[in-house]
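Asks: Supplied in structure tokens, the structure appears directly below.
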Ligand SMILES: [Zn+2]
Ligand SMILES: [Zn+2]
């Protein structure tokens, strides 16, 4: 699937054009890139089926953009963009990604200080050369230093929401590649390992593990390095190969023989801390554990290794799901057979946070409902923004009431239960953004902080506590407000927040948006000790977002949550006991 690759192409071109102060094109390119990214269908397939005409049917894609796309699909490059890149200073695209820097400022830096790349900029900041530069100054120098730090941090690690689909894609491409060859190789056990398998919020590297007999291993590697999306082969061997994909991500593939597959999977899944503890357990029991297998210490005889489950069993432990392998007490719990029975995808019966065209969503109410129904949900809550969210097109009371009417109408056409909800702003004084008369009418009130992120801790805590004490609030959404790689969590006393939330029977959201994943796993673990209940929500802004539940679910599992802890696993009849207004 080349959607992401093509989207990148337009984003990059937009950046360069903006730098050249071209007027409207950057906007059009970014819009097209966004459409392509969120398309949900393989753009290559559309083109193969319908040609250019199929491309222009996509909203935001006109004749000339469609020309560029078809040129890329045919020749793997766009002549016009190649020329653009030649003319643009090479570091521009990267500089555009630094928060606080726009095209104008970059040009100024280039013209006055000769800053053309990120490392130029870093040097200029260290030498305090921006201090006296018009339009910059001491404060902006500090802000830029911080923005660079964040940029580098986020680029060192991949977001789960990017890594997981990418790994899935590479694995299915590799399977297809191996199957299409004359001597078929069975890759049914191929899997990603490492922090990705543990579903951490950000991923260091994408590592893939496959099982094959020694004489087959090199054939698997042949398939791997010849995948169409591979840009560069760093290393090719019979046990390990490394490549860089065209879109820039590095991927490692290991191939191990069947008798070592389980041991390798266990070893490469990590975490390091978990593995150290596990090796200690092995030693205490007279074994030796390595990536090749579990061996008797004395004789060196292998007693397990082909499956992970077998290794844990031989060590006297219950099987530990990957999400728990962080050395946070899981090994002791496994020894006592006291691991939590983690919540699963199949347990989820609804989604309690989503946006439609009424506010900042991209799809209509009806489209969202249709998709939710195909996902097999029993209920959803429609939660567009409240009136103060002007930039997100928040709903005035009249518009909210109009939405209720449409929900009533659509409720008759669909099996799924549609709850009238709202993502209501928690205002700066902690009050909610609709009058009581409206809040009372809503089935579900999802409260969220969207402004005043820089409040000192005490003030922010008071603000959220006030909201939690409001009888109309049901769910506290994205409780820390962080945006991965972009904005840190606001300062707030979570101990106090959890205590008040528990005392008032409020539900805490685990937001599944890959850029949020909020609450994070550590805070989920902490919140659970207060006896709190959670909901896993997608906060969807498009139909395709509705399937991002898996990311939030991963964090819930990392936070040791069971089905019972998560209210959107409850059937509707029981949900009514959680959200009392549903009984009215
Ligand atoms: Zn929000
Ligand atoms: Zn939202």
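Any Cβ shown, glycine's included, is placed from N, Cα and C.
Feature list, courtesy of TrEMBL:
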type	residues	note
DOMAIN	1-326	domain 'DNA-directed DNA polymerase X'
DOMAIN	53-72	domain 'Helix-hairpin-helix DNA-binding motif class 1'
DOMAIN	93-112	domain 'Helix-hairpin-helix DNA-binding motif class 1'
DOMAIN	128-147	domain 'Helix-hairpin-helix DNA-binding motif class 1'
DOMAIN	350-428	domain 'Polymerase/histidinol phosphatase N-terminal'
Asks: Taking DSSP states H, G and I as helix and E and B as strand, how many residues of the domain 'Helix-hairpin-helix DNA-binding motif class 1' (128-147) are helix, strand and coil?
Replies: 10 helix, 0 strand, 10 coil
Asks: Summarise the domain 'Helix-hairpin-helix DNA-binding motif class 1' (93-112) as counts of helix, strand and coil residues per DSSP.
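Replies: Result for the domain 'Helix-hairpin-helix DNA-binding motif class 1' (93-112), in helix, strand, coil order: 14 helix, 0 strand, 6 coil.
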Asks: As a test of reading the model: what is the averaged pLDDT for the domain 'Helix-hairpin-helix DNA-binding motif class 1' (53-72)?
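Replies: Mean model confidence (pLDDT) across the domain 'Helix-hairpin-helix DNA-binding motif class 1' (53-72) is 92.
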